[in-house]
Each structure stands twice: as structure tokens, then as C-alpha cells.
């Protein structure tokens with residue numbers, strides 16, 4: 001039977017529940033247990049697809065086209081297991097499902113209430129993951145902080161879950177903060193005690209405490225937490241701050257987190273194989289070189305808006321024994337002060353995705369600078385569209401070249417709305433989303449990087465290259481190096497007279513892994529290394 005681990009968080013938000021859940025999944029997989037990880041988000045949006053990156057951070061896209069929380073990216077990267085729309089649940093999606101059932105008469109005229117209807121729907125979503133993927137263990141992260149009113153239906157649902165499936169099949173894990181108080185020169189357990197008290201008042205007794213702290217948790221402190229929180233001392237786990245999130249699995253493995261969890265779930269405590277993980281950490285901690293690349297974006301004030309891009313560069317750095325330093329550059333600053341001020345000494349320029357006209361001219365200028373100065377360039381989604389706009393304006397002589405998204409009446413819409421998007425009215429979940437095949441053109445940079453004839457990448461867009469301009473593009477030194485299998489949609493472009501200039505309509509960052517860097521990011525970082533040598 002599938003076992004269930006529920007991860008809650010206390011004291012403060014952004015405590016790191018997602019990294020703890022992902023790390024636990026990594027440790028289970030290292031013991032040959034199959035794992036699926038589910039995120040329950042308490043916000044009323046149906047999904048984060050229409051939320052501002054400043055509000056929510058990155059929207060992570062799964063193979064099946066779900067727009068999900070960025071934590072699903074951590075789950076995939078740490079466990080090397082693809083997630084799906086089943087792994088992302090919000091309060092909004094729960095209420096939507098319940099209200100749809102009510103409209104269909106599924107409740108036979110009964111009064112629809114939070115208990116049992118909402119809680120039953122939540123439990124059904126957890127069971128659905130177990131049924132559809134049949135893992136040994138389902139880890140469920142409950143978003144928010146214990147004590148928040150928004151999380152109460154989820155907490156009530158997981159309280160009931162232990163009774164439904166049996167005590168030995170469920171484990172409650174609480175991630176909490178043990179702060180260091182400089183004035184007192186000691187760590188304090190009181191916030192954790194109160195957080196556990198709040199959880200117990202709901203009817204949930206945590207089995208394991210994962211204690212976030214910036215220094216080691218002394219044995220006496222663990223015993224105190226054990227005493228006041230009614231948790232065995234061996235189940236009080238120190239999760240000390242690490243220099244990289246990829247160190248966390250090794251940190252909590254040393255503390256015995258996976259071993260203790262498996263024992264409490266009555267599963268065989270197998271010996272882990274973490275050799276590959278240890279090797280990548282060693283390579284990360286001892287880079288042979290340092291390079292700096294610029295990320296020119298619209299949302300650079302919040303790095304989480306580009307989380308998968310950042311992590312993909314980390315992965316490529318590991319693969320090349322390099323530390324990739326990021327220079328965050330606002331596209332609007334380039335509009336105001338010029339590209340040279342921000343980009344003249346970087347070894348690579350990456351322009352990621354985004355929506356809306358703000359900052360687009362700055363991105364176009366950054367791409368022009370990369371092209372003219374022969375600086376390695378990688379464009380992603382909107383980054384490719386901006387590369388096409390830059391080509392139109394500065395290479396093809398189409399001064400009015402633009403995207404129909406930004407200027408619907410432009411006389412040169414080099415980027416146009418996909419035909420299937422013409423009659424779409426709703427914004428949420430209606431883009432070209434998820435995994436699609438792409439045929440690679442032989443004898444191109446893309447072909448040398450992928451070394452495959454057909455690849456599969458994840459998309460999230462409404463607009464696409466306008467084929468009316470394809471011949472003009474090809475006549476000016478550019479190549480279409482990737483298309484949809486029928487040749488209709490342009491998915492990759494590159495510029496031949498350049499050390500490394502490639503842009504994609506899809507989002508390769510969603511498929512990069514710490515132990516398997518994505519070919520495009522790997523090629524980009526290698527080109528940036530060569531650029532550093534030439535400088």
C-alpha cells in the first residue's frame with residue numbers, strides 16, 4: 001500500500017517546506033522507493049497561470065501543460081521524476097470542482113459545506129495521485145503557515161486522512177524555525193512550541209520536526225523540543241542553512257531524516273546510494289573557473305520569477321566545473337541608459353520569457369548588443385520573439401517590425417498570434433502549454449547541441465514566428481534550426497555568423513536537472529567560458 005507523508009510549515013512563511021519535501025523525495029529515491037510529490041496551495045486562484053511573477057514567482061509548466069507552483073520544479077529536479085497537473089492543487093481548483101458537482105446535482109440537494117465536501121475533495125486529490133502514479137510514497141506539501149485561516153480545510157483533510165488509511169500509513173512532518181536571538185546569544189524554541197501547539201489544536205500531532213536554523217542544534221535543545229512537542233528526540237531533525245539547496249538532501253540524510261521517516265512508516269530502511277549527488281556537490285563546491293552572464297529581464301527584482309533559468313545555469317556550471325555568476329539587468333534600465341553600461345564585460349547574455357510590452361525595447365537592445373559584439377546569447381520564449389523583432393528592425397530593415405501582442409496594428413508583425421488562439425477569450429490555461437515535439441534541422445548549432453533528430457520541450461505562449469517572414473530571415477544569415485514536425489511552427493532560430501546565438505520558442509529550463517544539464521544551457525555556458533578566455 002502507498003504510504004503518505006504530509007509536510008506542514010510553522011513560525012514563518014518561506015521556511016523551506018518545498019526543499020524539505022523535495023530532499024526527502026530525493027532520499028527515498030536513493031533507496032529505490034518510487035515517489036510522487038503533491039503541492040496543496042491555499043490561494044483561491046485556480047492555478048498560478050495568471051498571477052504576477054512578483055506575487056507568485058515563476059510559473060512552472062509540466063509535460064501535460066499544467067501551470068503550477070515553482071515548488072514542482074524543485075520536486076522534478078531533486079527526484080528526476082516528471083510531475084503533472086495531478087501534483088498541483090489549489091483552494092480555487094477544489095472549490096471549482098465542488099461547485100461544478102453541486103451544479104450537476106451530484107450532492108442530491110444536500111447542503112454543501114467545507115466539511116465534508118471540501119475536505120473530501122482534497123482527500124480525493126491526494127488519493128488520485130496515489131492511484132494514477134502508484135508510487136511507494138506520496139509526499140504532500142501543504143502551502144502556507146500553520147495558523148493561517150486559508151490552510152484550515154487542508155489541515156482538517158490531512159487530519160482525517162490518517163484515520164481513513166490507517167495510522168501506520170501516514171506521517172506528519174512539521175518544518176519550523178529555531179531563531180538565534182543575538183541579544184540573548186541563544187537559540188529559542190518557544191516559536192516552535194507554539195507552532196506545534198497550534199497544529200495539535202487542529203488535531204495533528206507531528207511525528208517529525210525539521211528545525212531550520214543557522215547553526216547546529218545542540219542535543220539539549222533537541223531534548224527540550226522533544227519534551228515540549230511530544231516528539232521522540234531522534235525525530236527532531238536539524239536542517240542547518242546550506243550554501244546551496246542541493247546540499248540539503250545530504251544535510252538531512254546525515255541527521256537521519258529518511259531513516260527515521262521510513263521506520264515510522266514501517267518501511268524497510270534500505271541503504272541509500274547518494275554517490276552521484278555527492279559528486280555533483282563536490283563539483284559545485286570546487287569550481288575551476290568563474291564566469292559572469294547577464295540575465296536581462298522584466299522581473300529582476302524577484303529572482304524567483306526566473307527560478308528554473310537560474311537553476312539551469314547552476315546545472316550547466318556543475319557540468320563544466322564552473323561557477324556561473326548572474327548579473328541581474330533590468331530591461332528598462334537598458335532602455336534608459338543603453339546596453340553597453342550593463343553588458344560590456346559579461347561573458348554571455350540570456351533573455352528569458354515574459355508577457356506584456358514593458359521592457360521589450362530593452363530586451364531588443366540587449367539582443368542587438370549580443371549580436372553585434374559577438375557575445376554568446378540564449379533567448380527563451382519572449383527572448384526568441386525579441387530576437388526576431390531585433391532581426392526585423394536592424395537586419396532586415398523593417399523599421400516597424402514588432403509583435404502583434406505589443407502593437408496589433410503594426411505593418412510588419414514578425415511575431416503573430418497562433419491561429420488556434422484567435423477566438424480565445426479566457427486567459428487562464430488557454431495558451432499553447434506543455435510538451436510538444438520539435439524536429440531539429442541538420443547541420444545547425446541546435447543539432448550539434450541536442451544530437452537528436454526530434455526533441456520534446458515544454459511551451460507556454462500564444463504568439464509565434466510569422467512564417468510570412470521566414471524566407472527573409474533565411475536570406476540574412478539566420479537559420480530556422482527547429483520546427484514543429486509538420487514544419488509549420490518555428491521553434492528555434494540561430495544566427496550563423498556568431499560564436500553562439502540561439503533562441504527558442506519553448507522553455508528548456510523546465511527540463512534541466514542538477515545531474516543532467518540541459519544541452520542548450522550547457523552549450524551556452526561552454527560558449528561563455530570560451531568568451532572569458534578570449535577576453
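Cβ coordinates come from backbone N, Cα and C, glycine included.
According to Swiss-Prot, the features are:
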type	residues	note
REGION	1-267	region 'Amidoligase domain'
BINDING	13, 148, 149, 150, 188, 189, 190, 191, 192, 193, 224	CTP binding site
BINDING	54, 354, 382, 383, 384, 385, 405, 462	L-glutamine binding site
DOMAIN	292-534	domain 'Glutamine amidotransferase type-1'
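When the Cα atoms are compared, residue 54 (L-glutamine binding site) and residue 188 (CTP binding site) turn out to be 32 Å apart. The distance from the Cα of residue 149 (CTP binding site) to the Cα of residue 462 (L-glutamine binding site) comes to 36 Å. Within 10 Å of the C-beta of residue 149 (CTP binding site) we count 8 further C-beta atoms, all protein chains included. The Cβ of residue 190 (CTP binding site) has 11 neighbouring Cβ atoms from other residues within 10 Å, across all protein chains displayed. Sequence-distant contacts of residue 405 (L-glutamine binding site), defined as residues of its own chain at least six apart whose C-beta falls under 8 angstroms from its C-beta, comprise 357, 415, 417, 462, 463. Taking the Cα of residue 382 (L-glutamine binding site) as the reference point, the closest of the binding-site residues 13, 190, 192 is 13. Across the structure, residue 192 (CTP binding site) and residue 385 (L-glutamine binding site) are spaced 49 Å apart at their Cα atoms. Here the C-alpha separation of residue 383 (L-glutamine binding site) and residue 13 (CTP binding site) works out to 33 Å. The L-glutamine site in the record is lined by 54, 354, 382, 383, 384, 385, 405, 462, and its two most distant CA atoms lie 23 Å apart. Counted within 10 Å of its Cβ, the other Cβ atoms near residue 13 (CTP binding site) come to 11, all protein chains included.
Spacing of residue 190 (CTP binding site) relative to residue 354 (L-glutamine binding site) is 43 Å (Cα to Cα, whole number). The two recorded residues, residue 13 (CTP binding site) and residue 354 (L-glutamine binding site), have Cα atoms 26 Å apart. Across the annotated binding residues for CTP (13, 148, 149, 150, 188, 189, 190, 191, 192, 193, 224), the two most widely spaced Cα atoms sit 31 Å apart. Around residue 188 (CTP binding site), the same-chain residues at least 6 positions away in sequence with a Cβ under 8 Å from its Cβ are 178, 179, 180, 181. Cβ-based neighbour count (10 Å, all protein chains) for residue 385 (L-glutamine binding site) stands at 29.
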